[in-house]
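Q: Checked TrEMBL, it gives:
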| type | residues | note |
| --- | --- | --- |
| DOMAIN | 80-347 | domain 'GPI inositol-deacylase PGAP1-like alpha/beta' |
| TRANSMEM | 713-734 | transmembrane segment |
| TRANSMEM | 762-780 | transmembrane segment |
| TRANSMEM | 800-827 | transmembrane segment |
| TRANSMEM | 865-887 | transmembrane segment |
| TRANSMEM | 964-986 | transmembrane segment |
| TRANSMEM | 1031-1050 | transmembrane segment |
| TRANSMEM | 1056-1073 | transmembrane segment |
Amino acid sequence: MAGFGGTCRVAAVLVFTAWIALTALTRLLRPVPNGCVMTYMYPTYIPVSTPKNVSSDRYALFLYHEGWKQIDFHHHLSNLNGVPVLFIPGNGGSYKQVRSLAAESFRAYQNGPLEPTFYREASTAFSVNELEGFSIPSRYGRMLDWFAVDLEGEHSAMDGRILEEHTEYVVYAIHRILDQYKESHLARSKGRAQSSDNLPSSVILVGHSMGGFVARAALVHPGLRKSAVETILTLSSPHQYPPIALQPSLGQFFSHVNEEWRNGYKTGLSRTSSAKLSNVVVVSVAGGIHDYQVRSKLASLDGIVPSTHGFMVGSSSMKNVWLSMEHQSILWCNQLVVQVAHTLLSMVDPLNGQPFLSSQKRLFVFAKMLQSAVPQSLSWVAPVSGVKPPNLIASGNKEASDLQQKDSLSCPPSLQWTSDGLEKDLHIQLNSVTVLAMDGKRRWLDIKKLGSNGKGHFVFVTNLSPCSGVRIHLWPEKDHSSEQNGVPASKKIVEVTSKMVQIPAGPAPKQVEPGSQTEQPPPTAFLLLSPEEMSGFRFMTTSVAPRPTISGRPPPAASMAVGQFFNPEEGTSALSAARIIGSSYIPEEIFLKEDHPLALNLSFSVSLGLLPVILSLRTAGCGVKATGDQLEAEKNKLCKLRCFPPVALAWDPVSGLHIIPNIYSETLVVDSSPALWDSHQGTERSTVLVLADPHCSYEVSLRVSLSAAASRFFLLYSSQILGFMIAVMFFGLMRQSSAWEHDSSVPSVLSAIESNLRLPRAFLFLCFIPVLLFLAFLVFTREQNPPLGTFLLVTMMCYIVANGFTILLILSSKLILYVAAILHVFIKRRWQSWEDGTQSMIVRHFLTLSLPFQSLKIIKNNPSIIVAFATIPLVCLVHPAIGLGVLLLSHAFHAHSTLCSFLAASFRSITQKKDLYKSMGDNIILPENKQDGLEQLLPMDDSPTSVKSFTDCQLEVFDCWHGIMILHLLATLMFAPSLVAWLQRIGMGQNFPWFVDSVLCVGTILHGLFGSPPNVSCISFKLPGRRGRDVGLSFLYLVAGYYSFVSSMALAPYRALYALAIIGFICFASRIIETRSTRTY
């Protein structure tokens, strides 16, 4: 390395990388908070017979039965009459994981649908014409028959061959299930004429993890029957990219399936022909921030399935769930499992007992059951794609009036109140309205008066149940008459109660005895109205039901409701990137005075998925002055009694909504993936809406959580870092090859990497040029491009961290090689000294007997032949990682041999110099610049003008072998996950590796055999053009580094193996050409 400055650069990169890695590891090893309720069941798994002509006998198909009684399997199979659902387990999963979903589906069918108010809360964007005649059934038409495939717990996320085999068996399982229903129908009929119209013609697929992708792959399999699958539900399944994008065949399989899906929704050339997947609906459920294996970005369907046929929803955004959950918890979390069970049952048409034929109806059911209306309500706070706030004003014509009557904003007729139910009216003169009990009163608010001075927005929070506990109406004018018949549309009263959306509530305050309220209860619903929605209306009323509720359910122990007209600009705080980063050292403080806006809009210019923020709210006062500690405690009790607990709603365009009730100190994280190549403008920002009681003042503190930021960095960009490590090695080998080609001193790999980190020239040339080229490519090929600033910053950090990990790998391997070589030389010198001083005839006789083995020198002189014959069959017939492992051993042997030669020559030179000094006497003065023994053994810099000695040549050869070994070690690690999956299948029958993997590994082997130091000078060719310059292997390494860099930014690090293989084939071709040319002359 170039002196002290180079050492400092390497040390700084190492310290930065180690700090991020250790901080992230500490955070990721913490227990994941889990608010899920366990699901219990009485499972029985009935095997479904498999015909003898099925090629794959390692897998199996089972039918689930819920119940503790023993049953006759054959009789149960003969009476199948439900809707078939096939569960596909994921990576390392078991068919028994179907038990939670199947058990809750059985209970849901027995108990019936959810209450009607649940279905009214969710909102969708479908037109009335598309869903004419659709209604939620009062009873489910038919139960679900849950099947599950036993895939032997194989790791399908690690190997493309396993994923393909799983796809083929799932296709067979779908056909077998449909055939089983026909066999059951024939067994029940027994010669009697029975209609077969109600036999299922399609199977609903539910996949977890990689099972969800297998479900989509099965749908585009050429052997699948037409219309055999029309509905797919995936749970924490990757759709965009593989979770471990290392194996080339796995990445190609993903790309092939996604391309088939994109083409499947395109209409054919004929106008009458419909798209292949036009009737297929896909819904993806993501686990959220606690799912470390499949991020929400991977689970997204954007660019694969159009919004008219599917969507992605996060578990934290689902009504009655509101939880982020880890990868396995999503299978048994009772809150989510119940929602999924009722959703699938609601898709069954009560007329024929089969799923709706219309894809729009099925998608409507999914949206009604899984999507919350909170994002639509927040559309004026943060941009929500495809969501526009509805205009509540009637236009005066009959068509608009009819549409408005069909709107779902009014309460059901069964919950209509009579005018006698309200005791008296209250007229509110302030901007805020407060309800502390179910007093049965109606409160009037003058929209024109209270909404003046810019306070045109209205927010309302409550823990009362909409419709049964509280109702809100908009009035064109003050008219106590509730009669609406004959009134023009522009004069009608509009109810907006059902526009109120429910949110999860925190723990309710404990009461020592009934009526002894000590704290304000948390809100369970809120309503946001913009000026456009209240346009044309003069008054608003909030009607509270009397305590004897009309819904038949007990009212809450403590009641609360707070409404306010406010100006959004007064409650908006925009935090720039500089303020957010600076908050890691000095927290940002915001003080909210009393009578502040109830809705506080915090806008973060940096995504909370990249820089999570710790938000703290401390109650500073509630209109009570206190002096002394005792009075301070009393003030806190009074403030808790007066003000409801704050609620935070974090919104992200990718992952959706994340709600945190009772927030006083919490880390705000969203599962977004900013700074990726396919990120859109706006994804680098996050919006947080805080609902805080305006009667209290708060001290708000914001501070970046560095540990959470480090963990998110590794979760999001680990695949990019690995690809950048290969690019770093290509750039390092470029330096070495350039020095070898110019016959100058060859630097070590560490020195080459350090040179590439120098600012500004080398770093800009190797880091920023590929980024700019990639961005230029995106500008001409895509309509939307990632945010430039965030993309550059994150890419640069990934590149620096990749350099740090590469340096750490180099130092570790170099230490091991040096220790082994020093021990080898030491033992060999001891052995030689003992051999020279021994006159034993036994030793001489032993050496004489070993002379016949000298014929093995022919192998030693031609090691490439042996390595080629050993490695190429392994990568083509067994597994690529095994063949590359043998190649690594060959590299280690060559590096060890050259290092031993260097150390032996150095020891010999030191001994000779010592003997010379002793023979000349002790009065010889040594030169001042003489190096000590350690510096001679581990030289770091060579004089460019000195003549290379034998030791210098050996050290340079070792450095070259060391660099190639590290590069091939990274290539081998890319096949390590596949090797783990391959080892699991030993004894169960193996197939040959995929052709693309074998070809790439053969190219890597050729690079190791013919791209080694003695062969570098023979690789030279001329660039096309009149003035094309001669270039060598260093130019190939530069291009390969750029390609690996760009591929890593495109989240396809496995493509770096393409560049490595091409270099290997070029080296092989150059060696053949050189050999033929030598023979010719």
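Every residue gets a Cβ built from N, Cα and C, even glycine.
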Q: Per-residue pLDDT averaged over the domain 'GPI inositol-deacylase PGAP1-like alpha/beta' (80-347) comes to what?
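A: It averages 87.
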Q: With pairs fewer than 6 apart in sequence excluded, do the transmembrane segment (964-986) and the transmembrane segment (800-827) have three or more C-beta pairs that lie under 8 Å?
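A: These two stretches do touch.
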Q: Okay, the transmembrane segment (964-986) and the transmembrane segment (1031-1050): do they have at least three CB pairs under 8 Å, pairs separated by 6 or more?
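A: Contact absent: fewer than 3 Cβ pairs fall under 8 Å.
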Q: Which residues of the same chain, at least 6 past either end of the transmembrane segment (964-986), have a Cβ under 8 Å from a Cβ in it?
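A: Sequence-remote neighbours of the transmembrane segment (964-986) are 153-160, 162, 244, 246-247, 250, 722, 725-726, 729-730, 733, 749, 806, 809-810, 813, 879-882, 884-885, 887-888, 891-892, 895, 997, 1001, 1004, 1007-1008, 1011-1012, 1053-1054, 1057, 1060.
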Q: Sequence-remote contacts (6 or more beyond its ends) of the transmembrane segment (762-780), Cβ cut-off under 8 Å?
A: 677, 731, 755-756, 786, 788, 791-792, 795-796, 799, 1041-1042, 1045-1046, 1049-1050
Q: Can you tell me which parts of the same chain pack against the transmembrane segment (713-734), counting only residues 6+ beyond its ends and a CB-CB cutoff under 8 A?
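A: Distal contacts: 20-21, 24, 28, 241, 244-246, 292, 295, 297, 609-610, 673, 676, 749, 752-753, 756, 766, 794-795, 797-799, 801-803, 805-806, 809, 963-964, 966-967, 970-971, 973-974, 1034-1035, 1037-1038, 1040-1042, 1044-1045, 1047-1049, 1051-1053, 1056, 1059-1060.
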